[in-house]
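Participant: Supplied in structure tokens, the structure appears directly below.
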Amino acid sequence: MKIAVEGCAHGELERIYDTIEGIEKVGGTKIDLLLCCGDFQSTRNLEDLQTMAVPKKYLDMCSFYKYYSGELVAPVLTIFIGGNHEASNYLQELPYGGWVAPNIYYLGYAGVVNVNGVRIAGISGIFKGHDFLRGHHEFPPYTDSTCRSVYHVRQLEVFRLKQISGRVDIFLSHDWPTGIYEYGNKAQLLRKKPFFAADMESGKLGSQPLEELLKAVQPAYWFAAHLHCKFAALVPHNHSQKLGDAESSSSSSSSEDEDEEREKVKKAAPVPPPSKSVPVTKFLALDKCLPRRAFLQVVEVPSDPIEGTPRLEYDAEWLAILHSTNHLISVKENYYYLPGKKAGEFTERSNFTPTEEELEAVTAKFQKLQVPENFERTVPAFDPAEQSDYKHMFVDQPKVQLNPQSNTFCATLGIDDPLCLVLLANGLDLPAVGATECKDRETKSSKLQAVEEDVAEPLVTPTKRKLNLSLPAPTTAAADTTDENVIDLPEEEAEEAIIATETPHVEEPASVPASPNVKKLKRRNQNIYQAQED
């Protein structure tokens, strides 16, 4: 399989696909798959654009909206991860991945998929130590703080990826793993980027959690971006590290009891697919999409035969990991800790590499692992004809939305959507799945909602709403409910009673006796009115 790898896309999809077309023409070959290492910028409209963490002067719609609207179609299956310049609201709708446009697939906060037998894993975002131990507490509309923290890597995704067993052919990240420059031409890198020297000396260049993942997962290829330069490295692995040294260097390393549990799971787990050993990881970072920049690389990876278009499938082991770690999701802003090495007696499971039984349970839920092509447009796309002057327009951030793809995926697997959890944790109503508008944040009576949907004419006043809820159709003419003829009831009575007005000369039909409460209200009202007239 021939795979094109892109560094930072920065929304330039048309240019990237044109470059691939040029490579195909010159080389007389066919590119089967495009992988993008973040800063994808899947902005559908101006509202999405407001959630990108960049200075206002750099906000640009670019060309993704054309693929979202259907004006253009991605000519090659495209898989991407998130970076630090994204339409964060849209990506947050798809925490476990999904289609952002036809033939363009997002891996989620972290994910593992298979394309014709090529196993691809990835993690979105960049590392910031002050947010790493927090939950996914952000939701739109974002504050100045949360519009940045929303794309910061969290410990849960790293923890989940460490549970993977067997081979991983390709790993995608936006950040670089810490220390990766020691395995390549460091001197040449410093000539290109001399200001990297200070961060190298302080150990701040790159992501420590990604370094741990590199040692734990040991993929054949690792592709990254973010630092806007091309850099290659070869990282040798001692295979005893995979369940040893890599774990001891991790913040969630195992105790002796956990090691025993891991040995049991290893014996119970199915044998991973046969593959050649991976003595080294081939690391490659690429630049952003600009002229005369090294932003695209084509690699050839062994795969199953491709008949027609490549086949995108869920990874059964990853599904089982998501299911078994669902209880570890946090949507709180405070720090929390995952199962691992700790003082005292070991009481909690910390190894979630799936057993045979867990894999069987997942495959029973997903009888076909092929990812369904269930993309839906849930918001209007950008219209350049009507919004050409958008850089001078004032646009609010979008309201929070739920995506039908995530709803289907979570329901099938039996897990929670983190976006739903954070809304509920903050006392907000869940918006309709796929709707363009968020529901009222005020709690409404379900009966009232049903009446509002059934009534042909709009209900204008609160009185009319209560009338429809509390009484059958009136048998007499509607009463005059002007301000001077209405009295205020106590709040508790107002929820159940009807605001009554004086009708002194009309007798109730014998067949429909008036309720005692209504008579009492009429007498009390009449006394009040008479007192006022006197």
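Just so it is clear, glycine is given a Cβ too, placed from its N, Cα and C backbone atoms.
The feature divalent metal cation 1 binding site is assigned by Swiss-Prot to C8, H10, H228, with similarity to another entry given as support. According to Swiss-Prot, the feature divalent metal cation 2 binding site maps to D39, N84, H174, H226. Annotation comment: Swiss-Prot describes 124-154 as region 'Lariat recognition loop', evidence class similarity to another entry. Under the heading region 'Disordered', Swiss-Prot lists 242-275, 501-534.
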Participant: Could you state the CA-to-CA distance between D39 (divalent metal cation 2 binding site) and C8 (divalent metal cation 1 binding site) to the nearest Å?
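Facilitator: Approximately 5 Å lies between the Cα of D39 (divalent metal cation 2 binding site) and that of C8 (divalent metal cation 1 binding site).
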Participant: Note the mean pLDDT of the region 'Lariat recognition loop' (124-154), expressed as a whole number.
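Facilitator: Reported value for the region 'Lariat recognition loop' (124-154) is a mean pLDDT of 98.
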Participant: Based on DSSP, name the secondary structure state of C8 (divalent metal cation 1 binding site): helix, strand or coil.
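Facilitator: The residue in question, C8 (divalent metal cation 1 binding site), is strand (DSSP, three-state).
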Participant: Excluding D39, N84, H174, H226, please set out which residues of the same chain place their CB within 8 Å of the center of the CB atoms of the divalent metal cation 2 site, keeping sequence order.
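Facilitator: So the extra residues in range turn out to be C8, C37, G38, G82, G83, H85, G125, I126, D175, A225.
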Participant: Highest CB neighbour count within 10 A among the binding-site residues H174, H228?
Facilitator: H174
Participant: Give the sequence-ordered list of residues that share a chain with C8 (divalent metal cation 1 binding site), lie 6 or more positions from it, and have CB atoms under 8 Å from its CB.
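Facilitator: In sequence order, C37, G38, D39, G83, H85, A225, H226, H228, L286, D287, K288, C289, F295 meet the Cβ cut-off.
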Participant: Under 8 Å between C-beta atoms and at least six apart in sequence, can you list the same-chain neighbours of H10 (divalent metal cation 1 binding site), or say none if there are none?
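Facilitator: Correct list: D39, Q41, C62, H85, K288, C289.
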Participant: Highest CB neighbour count within 10 A among the binding-site residues D39, N84, H226?
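Facilitator: Comparing the binding-site residues D39, N84, H226, the most crowded Cβ belongs to D39.
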Participant: When the region 'Lariat recognition loop' (124-154) is classified with DSSP, how many of its residues are helical, how many are strand and how many are coil?
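Facilitator: Its residues fall into 8 helix, 2 strand, 21 coil.
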Participant: Which three-state DSSP class does H226 (divalent metal cation 2 binding site) fall into?
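Facilitator: DSSP assigns H226 (divalent metal cation 2 binding site) to coil.
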Participant: So around the divalent metal cation 1 site, C8, H10, H228 aside, which residues have their CB within 8 A of the centroid of those CB atoms?
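Facilitator: Other same-chain residues near the divalent metal cation 1 site: G7, A9, D39, H85, A225, H226, D287, K288, C289, L290, F295.
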